[in-house]
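Here is what Swiss-Prot says about this protein:
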type: COMPBIAS; residues: 104-119; note: compositional bias 'Pro residues'
type: REGION; residues: 102-153; note: region 'Disordered'
type: SIGNAL; residues: 1-22; note: signal peptide
type: TOPO_DOM; residues: 23-60; note: topological domain 'Extracellular'
type: TOPO_DOM; residues: 82-172; note: topological domain 'Cytoplasmic'
type: TRANSMEM; residues: 61-81; note: transmembrane segment
Amino acid sequence: MRRQPAKVAALLLGLLLECTEAKKHCWYFEGLYPTYYICRSYEDCCGSRCCVRALSIQRLWYFWFLLMMGVLFCCGAGFFIRRRMYPPPLIEEPAFNVSYTRQPPNPGPGAQQPGPPYYTDPGGPGMNPVGNSMAMAFQLPPNSPQGSVACPPPPAYCNTPPPPYEQVVKAK
């Protein structure tokens, strides 16, 4: 007799768990009227009173997001590790020569010089900059040192390699 109340309590507890378990209320139309049925929480409704156990991984968007982020991270890390372990070979560049050009000497006062008209002599050919304050600001006087000085040639040591360290230290 003592076992009977334990069985009844277990049965009532099982019924209570069955009733309180999360369930899905599903419905479908049969003719013109809806028909209702219940599926468990881990099942999906499929219509016509059937419940399908669904693998809910397709509904876990965060799982797919983290999976894609992990794949991208691994690919990026592999790329950087490969670049560090096997660096690309250095390409030898051809010797870089710098050539200097001299400005031609100033021609006579009547010859036209190339360049924008505002930078010419006010009495020479070109536009008259009287009404233009910007042209007046950038105009050079006719006998200014900036307009008539030719650049000197570059020093001779520019095209040679630097002297050795010992020679420089001994010179001091």
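Note: Cβ is positioned from N, Cα and C throughout, glycine not excepted.
When pLDDT is averaged over the topological domain 'Cytoplasmic' (82-172), the result is 66. Secondary structure of the topological domain 'Extracellular' (23-60), assigned with DSSP and counted as helix (H, G, I), strand (E, B) and coil, comes to 4 helix, 22 strand, 12 coil.
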